[in-house]
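S.K.: Can you read through this structure? Questions will come right after.
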Amino acid sequence: MKFEDLITEINGFGRFQKMILCISFVGRFTLPCHFLLSNFIAAIPSHHCDISSLDAEGIFGNLSREQKLTVSIPAQEDGTPASCHMFSYPQFHLLTNSSSSSELPVVQCQNGWEYDNSTFSSTLATQWDLVCDKKGLNKAVTTIFFVGVMFGAVFFGGMSDRFGRKPMLLVSYISGMAFTLASIFSTSFIMFAVLRFFSGFTITGIVIVSVVLNVEWVDIQHRRLVSITGSMAWAVGSTSLSLFAFCIRDWRWLTVAVTSPLLLSTVLWWWVPESARWLIANGRVEKAHYYLHKCAVMNRKEEVISRIKPEALSIIASDEGKKNYSYLDLVRTPKMRRLALLTGTIWFCVATMTYGISLNITGFGLNMYLTQFVYGAIEVPSKLIVYYLLEKIGRRKTEAGAQLLITDFSWVGRTVVAVLGKGFAVAAFCTIVLYSSELYPTVLRQNGMGYNSFLGRLGVCLAPLVLLLDSFWGHFSQTILCSVALIASVVAWQLPETRDRCLPETIEDVEGTG
């Protein structure tokens, strides 16, 4: 008997599987909030040099606020005060002479900055004066976080294949919550950056583990449904982030708000089962039988599991069931090596393209909260379309087709059509996550997902750098992103179709020798 047959007999998508899906949904909800959190906590509000010290000395006399700014800070082309410079001494003649102030002597801000608090009450920029010469540190926060995500993907992928899905999920919940909450007590930017790195490192285990755990507990017919439903957590989280940020304008409390669901996830973890596939593949048939019995009872299929003894599950386990696998096993054999190369390339390209589009579209005449809401909302119809296409045309054609369509829309700037381009990018990302989890064998599935996620996050880190190339030529970034999408489309055609096929359990299944 194959495991697929057994899971089908005890109902491959009953109340037990729906429970797992709902529990993982809560944890995955926080991921987009943290991945996109820097859009709000690292925002730079309007600012100008602080001239309160001059006011305290009585230099200004009875001047109004506007007049004080006029004589103290040079005006920009749009008439607003300059952000990083002030006059070396007050220019009172500007009150009666509207001539240009560009020739007057200026110095850098001497006493800090005064910030516009109408949009944010507090951000990283206002907390540590990350403006002017230090402005780049705000963008560095995003890169630092994703570097942590990148290495965390490798760590949790390997550890989950070695110690199991369930314990590593708890590690991710608790450590992710601990590092994130610790970051709000940071006394310096360096301290915050270090804690933000470890926040990314630990929190990525949630998606790495839960995606695989969901797929491993359902039958063939419902893998598509589980994958798309689980990914909807990202859409809900993205849209909810805009609401959180709109209501909470302080970066510390916003961080607390988007992290708080992890507390509920930690409580719900006690009801999360270990993967029976992983237990059987590692020779722990007694424990596998225990969870299969729980599944059968909840799904009201007790008569099925009562006929199957733990010893019978040993037949499903391979002879190498107790072998410890590592990332090196991804490249030891020819077909595994080819699979790793192809999926890794796609993940890198899809991530670069997705975040390249997201970062390149800064708005459509909307404020940042509404823009964030639109970004999240477009994912819902995109994923519903993917759900339909995965069954009708399969994984390979959906992935390749979505990448080709991205190349058409990525050339369009700040328009609604560009949002459709992001929708196709989301479709490609959603597809490759399910596709990859179906291609790798159970004994290496977490290692494979960790490796792929590592390359995907590498693409995320490089996406902002690609956009900087527009300073050399206006269409440089679009050319690169379109080329990347085209490469991903071609590579996707080289992968085998997995629709309506059993998940491979061992390396031999992939190599065709099992």
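Each residue, glycine too, has its Cβ placed from N, Cα and C.
Annotations for this protein, taken from TrEMBL, read as follows:
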- 86-500: domain 'Major facilitator superfamily (MFS) profile' (DOMAIN)
- 140-158: transmembrane segment (TRANSMEM)
- 170-191: transmembrane segment (TRANSMEM)
- 197-218: transmembrane segment (TRANSMEM)
- 225-245: transmembrane segment (TRANSMEM)
- 251-272: transmembrane segment (TRANSMEM)
- 339-357: transmembrane segment (TRANSMEM)
- 369-390: transmembrane segment (TRANSMEM)
- 411-434: transmembrane segment (TRANSMEM)
- 480-496: transmembrane segment (TRANSMEM)
S.K.: Counting Cβ pairs under 8 Å that are 6 or more apart in sequence, does the total for the transmembrane segment (369-390) and the transmembrane segment (225-245) reach three or more?
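M.R.: In contact, yes.
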S.K.: Sort out the residues at least 6 away from either end of the transmembrane segment (140-158), same chain, that have Cβ-Cβ distances under 8 Å to it, and list them.
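M.R.: 34-35, 38, 41-42, 124, 168, 171-172, 192-193, 196-205, 208-209, 326-327, 446-451, 453-454, 456-458, 460-461, 464.
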S.K.: On the 0 to 100 scale, where does the mean pLDDT of the domain 'Major facilitator superfamily (MFS) profile' (86-500) fall?
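M.R.: PLDDT averaged over the stretch: 82.
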